[in-house]
Amino acid sequence: MTLDAVSWLWKSIGKMPLFLLFKDTRCYTMTEYLLMNVFRSDDIGKEIMQIALPTALALTADPIASLIDTAFIGRIGPVELAAVGVSIAVFNQVSKIAIIPLVSITTSFVAEEDANERLSMEADDSEVLKKGYAVDLEMEMKELIPQVESSCKSPTLTKSYRKTDDRRHIPSASSALVVGSLLGLIQALFLIFSAKPILNYMGVDSNSPMLKPAQQYLTLRSLGAPAVLLSLAMQGVFRGFKDTKTPLYVTMVGDAANIILDPIFMFTLRMGVSGAALAHVISQYLISLILLWRLMKEVDLLAPSINELQFGRFLSNGFMLLVRVIAVTFCVTLAASLAARQGSTAMAAFQVCLQIWLATSLLADGLAVAGQAILAGAFAKKDYNKAATTASRVLQLGLVLGLSLAIILVGVLQFASRIFTQDVNVLQLIGLSIPFVAVTQPINALAFVFDGINYGASDFAYSAYSMVLVAVVSITCLFIQSSSHGFIGIWIALSIYMSLRALAGFWRIGTATGPWRFLREL
C-alpha cells in the first residue's frame, strides 16, 4: 500500500510542468545521464549544436577583434587608450538599447513566418499532387471514352507548376531592415551632435586631455551606427532561418578587415585614433554589404505593400524589450557605481570580475539563440512536443555548461587574475569575489537560456514585466547589501539578481501559464 502511494506520488510529480523539462533523464550514473540525455545525438541535439556553436563563435569574434584593436591604440599612448575606452563604452551602451530588442524580435518573427511559409508550401505541394492525380485519371478516362476535340489541359495545374521565384517571402525580414536602418541613423545623429556633453557626463571634462581624441573617435565611430544596426538586424533574420554559419563567416571577414586596416590608417597614414575609428566603420559597412548580398539571394525584400511590414507589431514588442534592457542595464550600472564609491581599488577588482562574469555569458547566449530559433518555429507549427523537448534540452545543456564554467573558473581565476593586475590589494578583493563569480555560473547560464526560451515563445510581455520586478528587488538588495557588507555585499546582491532572473523563467514554465499552458496536457 505504501509502495503504491509512493509510486503514485512520484508519477504525479513527474507530470508537473516544471519536471517535464527534465523528462527522459532517468539514468543510473552521471556518465549515462550526459551521454544518453544531454549530449544525445538525435535530431534536436544536432539542430541545437548547429545553431549554438556558430553563434557562440560569432559572439566571441568581435571581442577578440576589439582586444587587438585596443592593443594598436595602446601603442599611441595612455591618454588615447583611455579616451577610446570611454568612447567605446558610450557607443556600446547606446547601441545595446536598440540591438537587443531588434535582434531578439527579428529572430522570433522570422522563425515564425518561415515555419508558416514552409507549412503553406507543403499544403500547396499536397494540393498539386491531388490535382495531378485527378488529371491523370481524367486522361485515362478520355482514352477509354474518346471525345471529339477533347482537351485535358488544367489551367490550375499549369499555374501551380509555373516556375516561381525560389526566394522566401518573409515580411518581418523587410521590417527588420527598415527598423534597423532607421534606428542606426537616429543613433548616429544623436551621438554625433551630443558627443561632447555625453563625454562630459562620463567624466571627461573640457580641460581633460582625453576630450579631443575621445570626441574624434566617438564622432567617427558613430558614422558606422547604421551599418551596425542593419547588420545585426540581418543576423537576426539568418538566426530565424537557423543559419548562424553565414553571420559567423561574414563577421570574421569584417573583423579581419578591421585588424588589417588598423595599422595602415593609424600608423602608415598617421591618422591616430581617427584611423582606428575609420577602420572599424569600414569593416562594419563591409559586413552589412556582404550580409545584404547573401540575404537578397534568399529573401524577397520588396514587400508588395507597406501593410505587410507589420511595424506596429515590431514597435509594440520592441518597447517591451526596451523596458527590459533598461532594467537589466540599470542593475549592472548601479552595481558598478556602488563599487566605484568604495574607491579605485574596489572598482578595479569589480571591473575585472564583472568582465569575466559577463564574458562567460557569451557561451550561454549561443544556447539561448538556438532555443529561441527552434522554439519559435515549433510554436508556429503548434508542435508542442518539440517545444517541450527543445526547452528541456537547452536547459540541460545550459546547466552542464554552467557547472563546467564554475569548475574551470575556481581552478583558473586564482592564477589568471594576475594577468589583469599586480596590485596586491586589488588581487585580494578579486580573491574574495571568485566564489561568487564561479558559483553563480550555473544560475547565470540558466537565466540566459530562459531569456532565449521566452523570446522563442514570443513571451515578450512576461520577459519585460518580470524583469522590472526583479530589478526593483535587486536594486533594493544592492543598496542594503553594499551598505552593510561593502564590496562583498555588491556580489551578494548580484547573485540574488541572477537567481531571481532564473527563478522568473522557472516560474513561467513551472506554473504552465502563458504560451506554456499546453504543458498541462502533455
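Placement of Cβ uses the backbone N, Cα and C atoms for every residue, glycine included.
Look at TrEMBL and you will find 172-194, 273-293, 314-336, 356-379, 399-420, 426-450, 462-482, 488-510 tagged as transmembrane segment.
Between the transmembrane segment (356-379) and the transmembrane segment (399-420) there are at least 3 Cβ pairs closer than 8 Å, counting only pairs 6 or more residues apart in sequence, which means the two stretches are in contact. Here the transmembrane segment (488-510) sits against the transmembrane segment (426-450); at least 3 CB pairs are under 8 Å, leaving out pairs fewer than 6 apart in sequence. With a threshold of 8 Å between CB atoms, the same-chain residues lying at least 6 positions outside the transmembrane segment (426-450) that come near it are 345-346, 348-350, 352-353, 356-357, 360-361, 363-365, 367-368, 371, 394-395, 397-399, 401-403, 405-406, 409-410, 413-414, 417-418, 420, 487-488, 491-492, 494-495, 498-499, 501-502, 504-506.
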